[in-house]
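*Asks:* One structure is given below, represented as structure tokens, and several questions about it will come after.
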Amino acid sequence: MLDLKNLQNNFDEVAKKLKNKKVDENILKKLAELFASLKKEKIALEEFQAFQNKFSKELATAEDKESLKAKLSENKSKINEQSAKVNALENELEEIAHAIPNIPDECVPVGEDENENVELKKVLNPPSFDFTPKEHFELGESLNWLDFIRGVKISQSRFCVLKNEGALLSRALVNYMIDFNRSRGFEFVNVPFLVNGATMFGTGQLPKFKEDMYKVDDEDLYLISTSEIPVTNLYSGEILASETLPIKMTCYSACFRKEAGSAGRDTRGIIRQHQFEKVELVSITKTEQSDSVFNEMLECASDLLSSLGLAHRHLMLCTGDLGFSAAKTVDLEVWLPGQNKYREISSVSNCRDFQARRAKIRYKNEQGKNELVHTLNGSSLAVGRTLVAIMENYQDKEGKIHIPDVLKKYF
């Protein structure tokens, strides 16, 4: 959640940044009106409170005590009424603020959508083929690695069954990713895939994205869309010791997304599924640590792709493509020769103190004061898309898939 005090004190500047992130102008106008009303009602409340304080002290020496008591009683009722007005405005303001995204960093390019994201660099050269490379779903069906028909039969569309060497390769990737991330100093944690509403709120999924979540009927439980959600919230409501930071974690999980806005996109294959697997990086840092830890996380995910021999590029997301909780995001896109283009395989984001304010994660700084932490997250990597990338990049003209050397010991 945004710092409401900063929003109120620097409204025009913050509102301009939020417009770049596609926040509705009517919502910003409503916020401005609420801030003005709240200021007015707080002044009135302070006047009533000042009257109460002043004349309460004079009551003992007043000549007409009964008259003053009556005035103080009447004023106390006004204080209660005015406090209720202020509380109602603060609650309305906070409710609207819950659906307002994070402010983009100064380095984030202003743009409308993914077409205005900025390429930062390319890593490795895409492979060349003396034949027309196939897409992963063609390879997967011919090798009996991917069973879409039975996936749909037991579930619905956008579900797939992995079989034979395809399932083994997926498992090998998970183990390799966890080991690689641990070698870079990230502690492995294993968390529940079902979390409560407060946890979903803490990382920004609720209330704005409620319709995109899978919820258990009659229970306050949601299936996670990313392990960022439970891992970040491991420390919700806590005050951490300064010397314990940064906390750097990696986690494997299944992820569940309705993909409501993706009708007609990636309808073939396993690029976009309702259930998929991901190995995540999550870090909790002091303010001054978050930029360097962001670079560490980005380097970890990029080096992991390089270790698999997969050509990829770094993209800085523009304001219009930036996620709800993120202040800055760099996407990694892997080269898929079957599609003849780069596709997203990782997003590394710095959320600054936005999630920490919602989840109430703080640390005691060197001056002994409680300060909000910064939270960061990133995929290292999306398992299914890495499987896709290996299938397409390591295929031969006979339709066989060669396994990267670093994975062979995991079979």
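Including glycine, each Cβ sits where the backbone N, Cα and C put it.
Pulled from Swiss-Prot, these are the listed features:
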type	residues	note
BINDING	THR226, SER227, GLU228, GLU280, SER379	L-serine binding site
BINDING	ARG257, LYS258, GLU259, GLU344, ILE345, SER346, SER347	ATP binding site
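How buried are the listed features, and what sits near them?
*Replies:* For the recorded site, SER227 (L-serine binding site), the DSSP three-state label reads coil. All protein chains shown were included, and the count of other CB atoms within 10 Å of the CB of SER227 (L-serine binding site) stands at 28.
Under the three-state DSSP scheme, ARG257 (ATP binding site) falls in the coil class. Listed in sequence order, the residues of the same chain lying 6 or more apart from ARG257 (ATP binding site) and placing their CB within less than 8 Å of its CB are ASP212, SER225, HIS274, PHE276.
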*Asks:* How big is the gap, in Å, between the Cα of GLU280 (L-serine binding site) and that of SER346 (ATP binding site), rounded to a whole number?
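*Replies:* Distance between the two Cα atoms comes out at 9 Å.
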*Asks:* Out of THR226, SER227, GLU228, SER379, point to the one nearest SER347 (ATP binding site) in space (Cα versus Cα); all of them are binding-site residues in the record.
*Replies:* SER379
*Asks:* Have a look at the binding-site residues THR226, SER227, GLU228, SER379 and say which one has the shortest Cα distance to ILE345 (ATP binding site).
*Replies:* SER379
*Asks:* I'd like to confirm something. Which of the binding-site residues, THR226, SER227, GLU228, SER379, has a Cα closest to the Cα of GLU259 (ATP binding site)?
*Replies:* THR226
